[in-house]
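Notes follow the structure.
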Amino acid sequence: MMQDLEILDIVDESDCVIGQKKRSEIYSQGLCNFRVVNSFVVNSLGKLWIPRRSAQKRIFPLCLDVSMGGHVESGETYEDALQRELEEELNLDLNMVNTQLLGYLTPYKYQVSAFMKVYEIRLDYEPDYNQNDFIESFWLYPSELIEWLNKGEPAKSDLIKLVQMFYAN
């Protein structure tokens with residue numbers, strides 16, 4: 001959906017909906033009180049499937065990203081958004097993959113970009129990803145990914161924090 005048309009719920013510190021705004025307004029105002037979902041695809045070797053965002057992305061173009069991420073649109077639950085984004089970005093059906101919730105994070109407690117639920121999807125093959133969203137991908141151990149990021153590989157802002165939180169030993 002085009003950013004100018006996408007309406008997101010605005011939430012209070014308890015993640016209760018208090019209003020709505022256009023996605024473009026949220027970003028132009030630097031707000032963090034909206035909802036997102038993020039997922040990591042992990043194979044049986046413990047490697048993360050990490051894609052690189054396309055050059056057409058308005059935010060973080062050509063940066064490494066979580067395996068799947070997206071905004072929770074107004075009126076959706078986190079789980080609704082997970083299902084929609086899995087289909088849009090990775091051509092996966094939520095009911096056909098092994099998914100587990102890794103955690104629920106808030107910007108006030110964890111200094112992340114938004115209220116978020118982070119999931120893990122177990123797959124031993126590369127997803128059939130949407131090539132409008134991503135241009136390439138890598139299977140990396142968490143330690144390899146952290147090393148890349150520490151050496152300056154461009155990445156979406158929350159990526160290193162999420163990998164360290166959920167996958168660093």
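Backbone N, Cα and C define each Cβ position, glycine as well.
These features come from Swiss-Prot:
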BINDING   GLU85, GLU89  Mg(2+) binding site
DOMAIN    32-162  domain 'Nudix hydrolase'
MOTIF     69-91  motif 'Nudix box'
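Long-range contacts of the motif 'Nudix box' (69-91) within its own chain (CB-CB distance under 8 A, at least 6 residues past either end) are made by residues 1, 6-9, 20, 23, 34-39, 41, 97, 99, 117, 119, 121, 127-130, 133-134, 156. Sequence-distant contacts (6 or more apart, same chain, Cβ under 8 Å) of GLU89 (Mg(2+) binding site) comprise MET68, GLY69, GLY70, TYR129, ASN130, ASP133, PHE134. Proximity of GLU85 (Mg(2+) binding site) to non-local residues of its own chain (separation of 6 or more, Cβ distance below 8 Å) is seen for VAL37, SER39, MET68, GLY69, GLY70, given in sequence order.
Residue counts for the motif 'Nudix box' (69-91) under DSSP, helix first, then strand, then coil, are 13 helix, 4 strand, 6 coil.
Taken residue by residue, the domain 'Nudix hydrolase' (32-162) breaks down under DSSP into 33 helix, 44 strand, 54 coil.
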